[in-house]
Amino acid sequence: MSPYALSVLMSSLAVGTVTTLSSTHWFLAWMGLEINTLAIIPLMTKMHHPRATESATKYFLTQATASALILFSTTINAWILGEWTITNLNPMSSTILTIALAMKLGIAPFHLWLPDVLQGLNLMTGLILSTWQKLAPMALLIMISHQLNSNLLMMMAILSTIVGGWGGLNQIQMRKIMAYSSIAHLGWMILILTFSPTLTILNLMIYILLTTSMFMMMINLYSTNINKLATSWLKTPTLSALMMITLMALGGLPPTSGFLPKWLILQEMTKQHMGLISTIMAMSALLSLFFYLRLSYAISLTTAPNISNSNLVWRTKLKPLTALPASIVMSLLLMPITPLLLTMII
C-alpha cells in the first residue's frame, strides 16, 4: 500500500475516534464511528486475498447494521425527548443502543463476526481492530453508563466470559485465540460498567497494553498458529519467555498487571452483594486461563531448545518495533502503582 494512502487511512482512524470521544451530540458521535469503520476496511483488504475480502465484507455488514441501530435508537430518543444530547436517554433507546454498541465491540451474543474477521487479517491490522477500534464504542458506553440496564449488561458480561473462554479452548490459530480473549475481556469491562466506570477504563487500558504486547511479539516471531509458536524458542528465547509471562498476565495471574482489574472488579462486585455473579465470573476466567497455559506449554515444552526439524535461522533479526519493550514492561509490572493509576483515572 502507498505510504500516502496509509497515512490518510491512519489519520482517518484517529479523526474518527477523536470525533466520537469529544462529541456531545449523537449525530456527531455516529459520524465518528462511521469514519472509523470506513477507514479500516481498506487496511483489511490490502492483502489481496479472498479471506481478507471475506473478513472486510463481514466486518462492513456487521458495523453497518450496528450503525443503523445507533441511528435508529438516537432518532427515537430525539423524537421522545426532543434533544440529541448523549447524556439523556429514554429506556427503549438505551436498550437498543446497548445492543448496537455490543455488536460493534463483539460482545456475546453478538460476537460471531469477530473470530472470523480477525483470522482473515494480517497481524498489524488485527492489532488495530483489537485495540484502537474498541475505544470509540467503549467511550460511548462509559458516557451513558448511568442510564444503562445493569441486568442486560450483566447477562452479556457472563455470556461473554463463558463464550470467550469456551471458544478459545480448541483453537490452534493465534488470531482466533486473541479474538476469544478479546470477547472474554470485554465481558469483564461491561460487568462493572454501571457500578464503577473507573474500573472499566482501567480494565480497558490494561487490556490494550496486554493485547498490543501480544500482537507485537507475534509480529516479531511470525507466529500465526500454535505450530509456529512452538518453534519461537529457537529464534528468540528471551522474547518467548516474555510472551509466556504476558500470556499469564492475559489470564489474570498475580503479580502481573492482568491480575489488577480482575481483583478490583471482583472486590467491587462483592461489595454490591453479588457473590454468585462474582463466582461465575471467576470460574469462567479459568477457561481462558487454560488456553493461555496451553499456549505457554506450546512455547516452552513442545520443542527441544537445541533441535529443529525446520529450516530456521538460529537467531533471526527482529523487526524494529520500538514500542515493544515499553509495552511488555507495562504489561507485567503495573501492579505496584495501582493507587496512582486509579487516582489518574478518577
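Quick reminder: no glycine exception, Cβ is built from N, Cα and C everywhere.
As recorded in TrEMBL, the features of this protein are as follows:
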type: DOMAIN; residues: 23-287; note: domain 'NADH:quinone oxidoreductase/Mrp antiporter transmembrane'
type: TRANSMEM; residues: 59-80; note: transmembrane segment
type: TRANSMEM; residues: 92-114; note: transmembrane segment
type: TRANSMEM; residues: 152-170; note: transmembrane segment
type: TRANSMEM; residues: 177-195; note: transmembrane segment
type: TRANSMEM; residues: 201-222; note: transmembrane segment
type: TRANSMEM; residues: 234-253; note: transmembrane segment
type: TRANSMEM; residues: 273-293; note: transmembrane segment
type: DOMAIN; residues: 289-342; note: domain 'NADH dehydrogenase subunit 2 C-terminal'
type: TRANSMEM; residues: 321-345; note: transmembrane segment
Touch test for the transmembrane segment (92-114) and the transmembrane segment (321-345), at least 3 Cβ pairs under 8 Å:
no
Long-range environment of the transmembrane segment (321-345) - Cβ separation under 8 angstroms, sequence gap at least 6:
198, 201-202, 205-206, 209-210, 212-213, 216-217, 219-220, 242, 245-246, 249, 254-260, 264
Go through the chain and flag residues at least 6 beyond the ends of the transmembrane segment (152-170) whose CB is under 8 A from any CB in it; none is fine as an answer.
95, 98, 102, 107-109, 111, 115, 176-177, 180-188, 190-191, 193-194, 277, 280-281, 284-288, 290-291
Take every residue in the domain 'NADH dehydrogenase subunit 2 C-terminal' (289-342), average their pLDDT values, and give the whole-number result.
70
